[in-house]
Amino acid sequence: MLTYALRRLVSLALSLAVASLVIFLVVEVAPGDPAAYMLGTGAQPDTIEALRSELGLDQPRLERYLSWAGGMLTGDFGTSYTYRAPVAQMVADRLWVSLPLALYALALSTLLAFPAGLYAAARRGRAGDVAVMGATQLGIAIPNFWFAMLLVLLFAINLGWFGAGGFPGWEQPLAAIKALTLPAVALALPQAAILARVLRSALIDILGEDFIRTARAKGLTRFEALWRHGLRNALIPVLTIVGLQFSFLLAGAIIIEQVFFLPGLGRLIFQAISQRDLIVVESVVMLLVFAVILVTFLTDLAYAWVDPRLRRRA
C-alpha cells in the first residue's frame, strides 16, 4: 500500500507542475493588458508602462512564472493588481463560503442518490425503476443554474422561505446555513442524478452474484439483499464518482455563486477575469486544480484500500 501511495504521490506532483505551467501560459496569452485596464482608455503610454513595471508585468514570462510558482509553494500567492491585497487572504476569506457549499451539496446529493439508486435497482424493470431513471435523466439534462433560478422563484420569491441571495457570514451559523441551502440544492440535484444511476448500475451488476442468490434463498427480498449485502460491494465505483463530484462542486460553482450573490471562489474568479487581475485568476484556478488532483489522489487510495487488486496491478 505504501509503494502504491508513493507512486500516486509522485504522479500528483507531476500533474501539479504541468497544470501550473499550462494555467500560467493560458492566462498570460489572453488578450488585454491589466495595467491599461486599470488606468482606463485615456491613460498615457508612459503611465501604463510605469504601472506595468510596478506590477512586475515587464519582467520575462519565465521569471514571472518561477516567482509565482515558487510563491505558491510557500503560501504566497502574490498581490492582487486591482485590490492591492494579498491573494492568499482573498482566497481564504472566500474559501469559507465555497468549501462549506461544496460539502453541503455533496451531502445532499449523496442522501438523495443512495435511496434512489437502491430503490431503482431493487425495482429493476418495474414502474419505480422507470420513474427514478426518468427523473435522473432530467436531472442530468437540466443545467444547475436553471435549477437555481427555479428554486429562487419558488422558495425565495413566491413562498419567502429563503433569501434570494447574499451571505450573512458565519457569525450567524443558522442564517449562513439557510443562505447556502438553495445553492447547495441547485448544485446537488444534477450530481445526485449521476450518482443514483451509477449506484443502480453497480447494484444490478451484483444481483447475479452467489452471495445475493444465497441471501434471496434465505427469504430476503431483493431490496433487503441489496441493502444488507450488495451495497458494500457496490461502493468501489461509487467512491470514484463521489470524489470527482466533490471536486466538481468546489470548482464548478461559478455560475451558482453569481446567481445567489455568494462571496465565494467562483464569484472571485469571475470578477478577476472581468478586471484582468491575472495573479488572482492564476492563483484561484491553480487552487481549484490542486483540489481536484488531491481529491482524485485520496479517492485512488480509498479505492486501492477497498480493492487490493489495484495495488497489485500498480
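Note: Cβ is positioned from N, Cα and C throughout, glycine not excepted.
Marked as domain 'ABC transmembrane type-1' by TrEMBL: 95-299.
Residues annotated as transmembrane segment in TrEMBL: 101-122 (among others). Tertiary neighbourhood of the transmembrane segment (101-122): same-chain residues 128-129, 132-133, 135-136, 177, 180-181, 183-185, 187-189, 191-200, 203-204, 207, 221-223, 226-227, 230-231, 242, 245-246, 249-250, 253, 256-257, 262, 264, selected by CB-CB distance under 8 Å and a gap of 6+ residues from either end.
Marked as transmembrane segment by TrEMBL: 143-163 (among others).
Residues or ranges marked as transmembrane segment by TrEMBL: 175-196 (among others). Remote same-chain residues near the transmembrane segment (175-196) are listed as 97, 100-102, 104-106, 108-110, 112-114, 116-117, 120, 132, 135-140, 142-145, 147-148, 151-152, 155-156, 162-163, 166-169, 238, 241-242, 245, 248-249, 252-253, 256-257, 259-260, 262 (criterion: CB distance under 8 Å, separation of at least six residues from the stretch ends).
What TrEMBL records for 234-256 (among others) is transmembrane segment.
Taken from TrEMBL, the feature transmembrane segment applies to 284-306 (among others).
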